[in-house]
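As structure tokens, the structure follows; a few thoughts come after it.
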Amino acid sequence: MQITPYDPNREPPGLADPVFQVSDLSVFYGDYEAVRDVTMSIGHRQITAMIGPSGCGKSTVLRCFNRMNDLIPGARVNGKIAYHGEDLYGDHVDPIEVRHRIGMVFQKPNPFPKSIYDNIAYGPRVNGVRRGLDDIVEEALHQAALWDEVKDKLKDSALALSGGQQQRLCIARTIAVKPEVILMDEPCSALDPIATAKIEDLMHNLAQQYTIVIVTHNMQQAARVSDRTAFLTADVDKAGVRHGRLVEYDLTSQIFTTPQDERTEAYITGRFG
Amino acid sequence: MTVTVRKTPITAALQGRRRPLEPAFRVVLLASLAIAVVFLGILLAYVVSEGWGRLDSRLWTNFPSKLYPERAGAQSAIVGTVYIIGLTGAFCVPIGVMTAIYLEEYASREHWWNRLIELNIQNLAAVPSIVYGILGLGVLARGLDLGRTLITAALTLSLLVLPVVIIAAREAIRAVPGSIRQGSLALGATQWQTIWRQVLPAAVPGIATGTILALSRAIGEAAPLLLLGAVTHITFNPESVTDAYTVLPIQIFNWIKQPEAEFHTLASAAIVILLAILLLMNSVAIWLRNRYEKRG
């Protein structure tokens, strides 16, 4: 794979061919409406960041994109998420197939208690791939910038790796399934600054092949890595119940220089949240 | 805010005078430990010294005899015990683990019937073993016409320890972190693949420990088997699951009933054999646990 260096001054990408089109999305846990009326589009091979204070529902929205919310009893969505124009929550949609195409990296590195090799090979294996696993594993580790560090210990336990290596392993594991989209739920919150920097570099390279949506608490991270940024916050309604809402969604350069909404400005300048 | 510097030397605490409860707790805890260890030691020492005279190959090469204590052995009881434990394990482990998987991974606690099932499994674990003996006699031996055979005994003991196996397996499955399940599902694995390839291997150490403990209980059971025809003086080894049988606890009990002192020695020797089988099973559990934990 040819890797061209990331150019921070490149032309801002458009939204002509969105991967996801979210319209009036509300997410419920039982009777509680955690997120209300989110409408946004996610661009093809762009990095989209979702920022906002704790409890604003950014992870909840993220987990709708690969239907991980299905696993929470009582969770349901209203509104629509279209994936390449197709309703992600349509009756005929197989959530297993959705997760093949839309991978996810979690907040805390969660390698399986198996060898490094078996961690990467697990995704292809459960999808029925039997041949060429060695090549898949090697390529995924290369793409996740982990190959040089682990090539001599592929049979060792993944749990022996450092936190940053484990998180890159989890990214490699996701890549090995050959998804189109990678969702990242605060992937660096458990890592030190050096490991974080490595993951951010990695994301720039991955964005040439994959569409990435990242939830982060770290505004600088959003500013550094993303093409577009969505700012969410939690509104308190008359009954005192908090609902997550999308406040502003724009090019990252716009959000961080000339935000349109005063709540966004307050948040990015550190006056609240 | 000003910080006052205390004048007392920091070495005072080390002299123990100011915190007399700290060493006292330690002594209480050690004493509790000692009760268990000392009684186990006494039991072992007593049994071994009592049975030492007969702890030889006659015990496992000869068959029981009522008339000649010097010739009597316990081969049929040893073989019977091994058979029954093997069969009991073969019945109760798959069923117990599958039940545990269902309750932990599929059943929703929102439904009252699932909570009722859980509660009753816990209750079943406390039912006296003789009640299971009556159940086995009524339903298996007579109702299903299996007779007083090895298979009846093994099935009855399986029912007896099943609740314990289920509870242990559930604990082990519950201890597998949710992040492993999420990671697997996020890669497009199905729920069954996630359980079979991630959850179960991670739960094996806990399941093995719980199962061996449950089987250890079964191995020492005499009460239900008294009802199920574990006869004393069986002078042949069981060759199929429909044969009559005897087991070590019953054999031990019957030897102790005899008036001759030689039989009492024999009983002690048989107890040592029973304990040796138990130790062997525990070693297997430890080996399994280490083997699966190393993978992690």
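Note: Cβ is positioned from N, Cα and C throughout, glycine not excepted.
Just so you know, TrEMBL annotations never went through curation; they're auto-generated.
These come from TrEMBL:
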type	residues	note
TRANSMEM	B:27-48	transmembrane segment
TRANSMEM	B:77-103	transmembrane segment
DOMAIN	B:78-285	domain 'ABC transmembrane type-1'
TRANSMEM	B:124-144	transmembrane segment
TRANSMEM	B:150-169	transmembrane segment
TRANSMEM	B:199-219	transmembrane segment
TRANSMEM	B:266-288	transmembrane segment
Could you check if the transmembrane segment (B:124-144) is in contact with the transmembrane segment (B:77-103), meaning 3+ Cβ pairs under 8 Å among residue pairs at least 6 apart in sequence?
no
Rank B:27-48, B:77-103, B:199-219 by Cβ pairs under 8 Å to the transmembrane segment (B:150-169) and hand me the top one.
B:77-103
The answer for the transmembrane segment (B:77-103), taking Cβ pairs under 8 Å and residues 6+ beyond its ends, is 60, 64, 114, 117-118, 121, 150-151, 153-155, 157-159, 161-162, 165-166, 169-170, 172-173, 195, 199-200, 207, 211, 214-215, 218-219, 230, 234, 237-238, 241, 245-248, 250-251, 270, 273-274, 277, 281
